[in-house]
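Undergrad: After the structure tokens below, expect a handful of questions from me.
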Ligand code: EPU
């Protein structure tokens, strides 16, 4: 297992490009199951989750190849397999995105239930409710969702749940409904840009979906889809993470390949906190994080509000803003494993129900911390970049699932961050509590 060793306290400076969006790429790759023609995808990041989806699609009869120009080529070569095995599904919850396209195109699908998750309870009842409304027969058998339908039928259905709509659930139902006979209306559809991007991809293949980006989708069924070429949208979560990294280290960074229109709530919140953002030509944005940081209240909600996937990074940032901040997560109310790790770095932060209460303004001090999920890992790396002294961030395999070459790109911005194998010998001597070079000793 790898870990990062980070020497904190260096302001980030320079220019990097944001990758294509993981959470758009995964359902789009899965939807390649729905066409007999070839798909070419540009802007698919090279991530562990993307490789897991590629491996899963290969077991489902899709040839997947990364071309020399970096594009991903997908083509169905065998339409018979319809079982998404536990071994691959348990590694990545987004595997469930194969359910809708498989059912719609092949009339049957068996997809393993994914099991536990570090960010809280993640049921798929809304996915199943939506597919049942289209006429699918759905059973849970031996840990698998087994779905069958001769021909799905258009229907009016509602995808709202206790915590809002469902992103991958909307993807699943939309990708199945493109083949349903007649018209489907989905109310309380997720409006996230990643869902819209999947819809654009399906439409480019010949689907007839309108209302994309709104809570009401209308889908007129078609008999078949053609192959197409599509470019995945930039990753708004990675962009936000890098913006916050610039602000936390009091640096100045320019990011390329940013869709600011996909991240209005985050941009407004960062401006309220004191970060200056200046749009530049051709999708670039300049971030000036050198000014004073102010405390803020942030609430993560479904799009277009602040995304839950930026909640942990905002919590890290607000540890550096003098005063009391509150960060609430209404999408995944248990997604606060990072709070106790940040406290180990000296952050004055505690969890209160679905919120983190932060008394910010104290410098963080380097420590050995443990990542618990993808976005928590990113937040801990940001905290380590801002902290005095050295830190170790363990279990970064979580981070590798969603950020492409993250440490290399941070190094391009001047960060002192190294990937090493997690062994006691690689833990810096300064992290020993009684070390003469430990940050506490420096301060004394
Ligand atoms: N929910 C239900 N029933 C369902 C589905 C969801 O109650 O059938 C609840 C969930 O428990 C949660 C809320 O609805 O409280 C929203 O969950 P959603 O289904 O929208 O999440 P998801 O589709 O499983 C995607 C992203 C997540 C991101 C969430 C919320 C992908 C592959 N994953 O998950 O991304 O946090 O939407 O925006 O698109 C990440 O990238 O780190 C990540 C976890």
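Cβ coordinates come from backbone N, Cα and C, glycine included.
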Undergrad: 122, 123, 124, 125, 126, 309, 331 show up in TrEMBL as binding UDP-N-acetyl-alpha-D-glucosamine; which entry in 90, 91, 93, 151 does that record put in the same site?
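TA: According to TrEMBL, the candidate sharing the UDP-N-acetyl-alpha-D-glucosamine site with 122, 123, 124, 125, 126, 309, 331 is 93.
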Undergrad: Across all the protein chains here, work out how many other Cβ atoms are within 10 Å of the Cβ of residue 126 (UDP-N-acetyl-alpha-D-glucosamine binding site).
TA: 23
Undergrad: Express the distance between the Cα positions of residue 309 (UDP-N-acetyl-alpha-D-glucosamine binding site) and residue 22 (phosphoenolpyruvate binding site) as a whole number of Å.
TA: 12
Undergrad: Taking each of the binding-site residues 22, 93, 122 in turn and counting other Cβ atoms within 10 Å of its Cβ, which one has the fewest?
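TA: Fewest other Cβ atoms within 10 Å, among the binding-site residues 22, 93, 122, is found for 122.
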Undergrad: Fewest other Cβ atoms within 10 Å: which of the recorded positions 117, 331 wins that one? Let me know.
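TA: Output over recorded positions 117, 331: least Cβ neighbours within 10 Å is 117.
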Undergrad: Between residue 124 (UDP-N-acetyl-alpha-D-glucosamine binding site) and residue 22 (phosphoenolpyruvate binding site), what is the CA-CA distance rounded to a whole number of Å?
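TA: Residue 124 (UDP-N-acetyl-alpha-D-glucosamine binding site) to residue 22 (phosphoenolpyruvate binding site), Cα-Cα distance: 20 Å.
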Undergrad: Running a distance check here. Ligand 1 versus the recorded positions 23, 117, 122, 126: which have CB less than 6 Å from one of its atoms?
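TA: 23, 122, 126, by Cβ distance under 6 Å.
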